[in-house]
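**Q** Would you mind keeping the following structure in view while I ask a few things?
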Amino acid sequence: MKKAVVFITQSKARSERTGNQYDTTLKEIFEDSSEAFIQFFTGQNYKLEETMTIEFPKTENRRADGVFLISSTEGEMVCHIEFQSSNDSTIPYRMLRYALEIHQRKELPVCLAGIVHEDSLVKKVFAEVDKMINLQESSTYRRIIKEGKKEALTEILLHQLNVKFGKLPESYVEQIEKQDYDVLEVIAGRIFELDKPEDLDKYLN
């Protein structure tokens, strides 16, 4: 039978500023690896089918951290993972409202599962988040991220140029791979103005 599953994760109380920092970082990490996190928290090999957005009225400034339509051999269900860095007496009511909203949208029976992790696991998770925060502040991390963006943009740009011109000459492929991120960004923005591979010459260093 299809069902909606709601998971809650909580830790001991922290300061509001630190808690918000942890919450935000966890959400950013989660966005990049949603399926892997779902499998970690649920302990099941679920497949991510759709990311859902669940919001309360704007006056309440509330939005669910992660609500996903997932599937397994048993069928589809909804997984809701909420990051909470401090004990909040209102969260059971908020989770109930989320569950009702999910049920209304997907018309699925709802199964609520509250999970409070052991201190050792909580400390381990937040220790990893600490490392991530410190890493993000380092120049090495920023350089790695920039190189990763360049590699991704290079791959996308070469694909677009191959689609536009057929097979792009190898000499142009090599030149594009040597360009800085800013140059690649300019070429990507002007790609519709290019009529032939030679038009790339004015942008290539």
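Start at 1 and count along the chain as shown; that gives each residue its number.
Cβ atoms are placed via backbone N, Cα and C, with glycine included.
Since the structure is predicted, the reported quantities are computational estimates derived from the model, not experimental observations.
Per TrEMBL, the features are:
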DOMAIN    146-204  domain 'DUF4351'
**Q** Would you report the average pLDDT that the model assigns to the domain 'DUF4351' (146-204)?
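**A** Mean pLDDT for the domain 'DUF4351' (146-204): 87.
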**Q** Tally the residues of the domain 'DUF4351' (146-204) by DSSP class, grouping H, G and I as helix, E and B as strand, and everything else as coil.
**A** 47 helix, 0 strand, 12 coil
